[in-house]
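What TrEMBL says about this one:
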DOMAIN    35-325  domain 'G-protein coupled receptors family 1 profile'
TRANSMEM  20-43  transmembrane segment
TRANSMEM  55-76  transmembrane segment
TRANSMEM  96-120  transmembrane segment
TRANSMEM  140-157  transmembrane segment
TRANSMEM  189-212  transmembrane segment
TRANSMEM  258-281  transmembrane segment
TRANSMEM  301-324  transmembrane segment
Amino acid sequence: MTEPEVLCGYTEEVSMARFVYISIGGGVACIGCICNLILLYLFTFRQLANSPPQLYPAILAFLDTLLCFFFLMIFVVDVNMIYNKSEYLFLLFHRYIIMTFCTAKLVQFLIPYLLMLGTLERYTWIDNKHNKMALLQPKYRPFTLGGLLLGAIMLRVPSAMALTVTQFPKCADFFRTLAESTLYMVYDVYGIACLQTFCPFLCLTVLNFVIVSKLAKIDAAQCPTKEMKGSPTKRKRSRVLSSLRISKLQITSTVRNAIYTMVAIVSTYLISNSLHILLTLLEVTKASVLVDEHDPYKASLLYTLLGDAVSLLYMVSSAVRILIYTYCNPAIRYQLFSFLGLRYERKDSDQSKIIIASPLLIEGQLSNSV
């Protein structure tokens, strides 16, 4: 028996509510592009006071800029062209969507692995293995990044080659006469989803847990005996607080703040990825709730909402990184305020007052102080 001919392409419903929240997300994405470009400038052209190496944060800021930009090019344009019935946008969108979509998927693949490199690097600072891991040494970092990029491209090439824009000339709805389709759905759903979603989630969760546990042990070992005296409540409170700070006797405040910042950034990614895992599981199991009951080539409302939520969470987590850096790292906060021409009252404990040292000196201090 032959399968019935598909007359119209796959589509999603665009209600007024969806148009509004995607448009608001577009505004956040614009702000995110600007903020991440500022971060990229600070990490690249400003020398932060006694700060650890900023190569990974700089690359992450660049990827975050691209992610926010692609949100505008894909989701905002897609929703606007359907809601406003713009045939010009519809045709323009399907001219650039293949290249844009493939590049966006590549960026989305690279971000968690770059977070893993940054997290692993910071873990070595507190685990006295800074000189033992060659991939994290300054002279090897470009090769590490190059290998990561090459591997990601090789993994994404099959999907990119199989992705095409299919025409449906017999469809009565003009906005369903063109649609994206792929030949390697199984590869995308099972292979790439595992490498991009599940593996980074597990690795980053374990690394964050190990880092917090390690910091707690460091702080407990350095905690004065008199602080352990007192009621059981105070001792319990001391243990809880020890997991949230790093002893100043072990590492410098700049390294401590860099670790805080990476832990916070990874935490926002894990929150975003949690919902993505749920959506991926539904896609892998081909759940019927993802398909409209009246049209098998139309996404259900639940599928549309989940997809939008995942994309919005990823975009927002990239857009708000500047807030995390500003809150967790006084050196970056000082440079940011200086860049914006704002006054910033520095405290005596603020490392932004420390005399700026060379990157090589910082590398040596990191390896000798932990």
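A Cβ is built for glycine as well, from the same backbone N, Cα and C atoms used for every other residue.
From a predicted model like this one, the values you see are computed outputs, not experimental measurements.
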Chain residues in Cβ proximity to the transmembrane segment (258-281) (below 8 Å; excluding those fewer than six residues from its ends, i.e. six or more beyond): 51-52, 60, 111-112, 115, 118-119, 122, 125-126, 189, 193, 197-198, 200-201, 204-205, 207-208, 211-212, 215, 246, 306-307, 309-310, 313-314, 316-317, 320-321, 324-325, 327-329, 332
Contacting positions for the transmembrane segment (301-324) when only residues 6+ beyond its ends and CB under 8 Å are counted: 12-13, 18, 21-22, 25, 28-29, 31-32, 35-36, 38-39, 60-61, 63-64, 67-68, 71, 75, 108, 111, 261, 264-265, 268-269, 271-272, 275-276, 278-279, 282, 289-291, 336
Average pLDDT across the domain 'G-protein coupled receptors family 1 profile' (35-325), rounded to a whole number: 80
Beyond the flanks of the transmembrane segment (189-212) by at least 6 residues, Cβ under 8 Å: 108-109, 112-113, 115-116, 119-120, 122-123, 126, 155-156, 159, 243, 259, 263, 266-267, 269-270, 273-274, 276-277, 280, 283-284
